[in-house]
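A.B. asks: One structure follows; several queries about it will come next.
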Amino acid sequence: MRIALIAHDKKKDLMIQFTKDHEDYLSNHTLYATGTTGTRIMEHTKLKVNLKKSGPLGGDQEIGSMIANGKLDLVFFFRDPLTAQPHEPDVSALLRLCDVYDVPLATNNAAADLFIKHLKGK
């Protein structure tokens, strides 16, 4: 499975904990992430992550392109809904593409945990 990992700044620590908690499962899949998120994940885990640009520098658009081209199967995007993002149009476009192309999307830790638990059960 091809999985994207994205987290806004205030959610990066939560994403790192999520990847630590599910490292065994995630290590069996191809992972992609925006630059800063992916770098931090690799610093704190043994996971191999294919890096895109940082979100505000076009990374969200790169992930969106992967969705539109059928190159992603699942997106974990830990969003910070309480902080305005300078690249909010890119974020909205990425979320829209998940809906258009029917790619499962978890935008918080609880949903992401449920996805992993379900996938492990298969």
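Yeah, the Cβs are placed from backbone N, Cα and C, and that goes for glycine too.
Note that the structure is predicted; figures quoted are calculated from it, not measured.
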A.B. asks: With His8, Lys12, Thr34, Gly35, Thr36, Thr37, Ser54, Gly55 listed by Swiss-Prot as substrate-binding, which of these, His22, His87, is given for the same site?
C.D. replies: His87
A.B. asks: What's the CA-CA gap between His8 (substrate binding site) and Asp60 (active site, proton donor/acceptor) in angstrom, rounded?
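C.D. replies: Cα to Cα, His8 (substrate binding site) and Asp60 (active site, proton donor/acceptor) are separated by 11 Å.
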A.B. asks: Please report the distance from the Cα of Thr34 (substrate binding site) to the Cα of Asp60 (active site, proton donor/acceptor), rounded to the nearest angstrom.
C.D. replies: 7
A.B. asks: Of His8, His87, the binding-site residues given in the record, which has the fewest other CB atoms within 10 A of its CB?
C.D. replies: His87
A.B. asks: What does the structure give for the C-alpha distance between Asp60 (active site, proton donor/acceptor) and His87 (substrate binding site)? Integer Å is fine.
C.D. replies: 9
A.B. asks: Take the Cβ of Thr36 (substrate binding site) and count every other Cβ within 10 Å, whichever protein chain it belongs to.
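C.D. replies: Neighbour count, Cβ to Cβ under the 10 Å cut-off: 19.
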